[in-house]
């Protein structure tokens, strides 16, 4: 009976850990997808020499001014950018074509979602902390159940 309980606890711990890691990974990818979706109106203007229209530039301005972490997250997932036939360099070129000032070094900071690394306006609406808190809550409740299972 003891070995069954130990195996049950170990299995539960492994499952909870994998759920936590998956939640953190997919949270990051979801934010990158959200940002890449905002870049889609700019796709036809990637290789053209004419300036992009407001349909492209307005979402880009919003990202650059209020959600820099979104752009940085998209830059960390080049496969998602390739979906639009876009590279980091092309995205920066579009920002320049729209007359948007963007400092690429902001994304080189250790944690681009931290308030110290971003301008104050860029931290509003940041969903990284919510996703991390969700993963921690899953872990806390999961380990509570494991502990309760060991007692019973």
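Cβ from N, Cα, C; glycine included.
According to Swiss-Prot, the protein has these features:
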DISULFID  42-56  disulfide bond
DISULFID  57-98  disulfide bond
DISULFID  70-107  disulfide bond
CARBOHYD  108  N-linked glycosylation site
LIPID     124  GPI-anchor amidated serine
SIGNAL    1-23  signal peptide
Entries of 56, 70, 108 which, being recorded positions, have CA atoms within 10 angstroms of residue 98 (disulfide bond): 56
Cβ-Cβ distance under 8 Å to residue 56 (disulfide bond), same chain, at least six residues away: 41, 42, 45, 94, 98
Pairwise CA distance, residue 70 (disulfide bond) versus residue 57 (disulfide bond), rounded so that it is a whole Å: 16
Rounded distance in angstrom between the Cα atoms of residue 107 (disulfide bond) and residue 57 (disulfide bond): 20
C-alpha spacing of residue 57 (disulfide bond) relative to residue 108 (N-linked glycosylation site), in angstrom: 24
DSSP three-state assignment (helix, strand or coil) for residue 56 (disulfide bond): helix
